[in-house]
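These notes concern the structure reproduced below.
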Amino acid sequence: MSITREEVAKIAALARIRMGDDELERMVPELNGILNWVEQLGEVDTSQVEPMTAVIPNTLRLRADVVDADPLTGGNRREDILANAPAAEHGFFGVPKVIE
Amino acid sequence: MTNELTNLGVKAIRDGVASGTFTAREVAEAFNAAVADAASLNAFIVTTPDHALAAADSVDAARARGEALGTMAGVPIGMKDLFATHGVQTTAASHILEGFKPQYESTVSQNLWDAGAGMLGKLNLDQFAMGSSNETSYFGNVISPWKKAGSNAAMSPGGSSGGSSTAVAARIAPAATGTDTGGSIRQPAAFTGICGIKPTYGRCSRWGVVAFASSLDQAGPMARSVEDCAIMLEAMAGFDPKDATSLDLPVPGWEAALSADLRGKKVGIPREYRMDGTDEEILASWEQGKAWLRDAGAEIVDVSLPHTKYALPAYYIVAPAEASSNLARYDGVRYGLRDLPDGAGLQDMYAATREAGLGDEVKRRILMGTYVLSAGFYDAYYTQAQKVRTLVSRDFTEAFAQCDVILAPTTPTASFPLGDKTDDPLAMYLNDVFAVPASLAGLPAMSVPALLNSDGLPLGLQLVGKAFDEQSVLDAGLAIQQRAGFVAKPEKWW
């Protein structure tokens, strides 16, 4: 299976990465090289095998349903959360207009 | 005195500070000076001499008051720039995070500060930890302190923890944090003649560590001795409710339990690791490793890991898939770079920001990951890779029915000159062929220096243990360390 330039352009659009023509040209053979190499996984008989879901068995924990139980990850941290925003406005993340 | 201090490791510094042989401040000053003197290695993205001095003063004051000192008290370390550090720029070596100053501290770094360590600076790495040579950083290549005999070419310190390996090998830090997704602690350790251990998945909290592939990422220490790694890993590890995959287990006393007496232990030699194209000197070092462990009392047994050759291709589906999802957060809205072309809408802003902010290798992996997760290809690629991962893991379970620890080379070659493999992503990926299987299975694995090859470059040996059994890995590492007597260090040229 090989991937076309149009498909790479589509994936780049899905991944929200703008790509110029030169970069697309470069990516096509590189991605094909990697894809052709990973194709060898098709040789492995996995008909009786479950896909891995957890590498080390662990139980899924639930936290107590308490507001601000952990002050680090609870609420009332607006200033901290906005501190690195490229455009913080009026206590919100500023973005270009989405709805015309 | 300064030079003597910077030759000391974690244990020697901690014990020397505790006994009053020297002060923590003297140590911090010596390393700060060594860091400032080594700018040409490009190991650090930012230096934080004040952090190191403040931590040292706090330790000296605690000692003066007669208080008990932490297990890393007075030890200044390098922090891989993948760990969020409060108020100190954290970039993952990417332009997209340039200027980002976290408002919180990662659990692992906080654990180290709580144990009395200080920070010399944030260490360079491959961008988002994607790379095996430290050539994908937005902040420039890290240069290994080692040179190939008879050549002046700049050598790779390995990757992704290349700033960490260079700093520790060059004696500008006694130890450093690393992270290992598919060999990023062990391969750079092997390239630079130092030790590094990746613990069982879940031992070290991932909270506050910039995510690459969450089911694989594990933090661990890099230092110049097995003892130093044991001390530092103990300080880094521990249950953290803020990480859903953190292991709710007590941290064993690895340092106190260290023993190089391997009588009654079985060391497995995986026959599939004897691959075509592996350097003869690497194979010879493996033979030497067997002899050392036999001398320590271990019995050497052959084991089989039949799916070894499929581990690397499976990794290059699973890791990019997770990365494509994890890196979706870099959108120019909440932190980091924003590129907003004139008149652009929100979607255009995302695409322009990510075009400008992400490096080539990162884009390549995001595209790979997006492709293998996309409709119509998911089962053929991603599900199949996760099934192969189950088989790789099962291979280890079966092998560990016959042995306590596995011995293998860490890498298929010694370090190579910078630029040697940058045109061929696949050739670069193959450098992690021996490291990736243990990552896919979440197992503890370590690299320890064995010897120098005929080019005067270090070669490492890898030990892989059962889940939760870091002790056997460290013990076998100690047995090798004692017999290898590896004391070679790079000659200072920087």
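Glycine is treated like the rest: Cβ placed from N, Cα and C.
Quick look at what TrEMBL annotates:
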- B:29-474: domain 'Amidase' (DOMAIN)
- B:Lys80: active site, charge relay system (ACT_SITE)
- B:Ser160: active site, charge relay system (ACT_SITE)
- B:Ser184: active site, acyl-ester intermediate (ACT_SITE)
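Sequence features, as recorded in TrEMBL, placed on the structure.
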{"residue": "B:Lys80", "record": "active site, charge relay system", "DSSP class": "strand"}
{"residue": "B:Ser160", "record": "active site, charge relay system", "DSSP class": "coil"}
{"residue": "B:Ser184", "record": "active site, acyl-ester intermediate", "DSSP class": "coil"}
Mind giving me a neighbour count for B:Ser184 (active site, acyl-ester intermediate)? Other Cβ atoms within 10 Å of its Cβ, every protein chain shown.
37
Compute the C-alpha separation of B:Ser160 (active site, charge relay system) from B:Lys80 (active site, charge relay system), stating it in Å without decimals.
10
Let me know how many other Cβ atoms fall within 10 Å of the Cβ of B:Ser160 (active site, charge relay system).
35
If I take every residue in the domain 'Amidase' (B:29-474) and average their pLDDT values, what number comes out?
97
Measuring Cα to Cα, how many Å separate B:Lys80 (active site, charge relay system) from the residue listed as 'active site, acyl-ester intermediate'?
11
Cβ-Cβ neighbours of B:Lys80 (active site, charge relay system) (radius 10 Å):
31
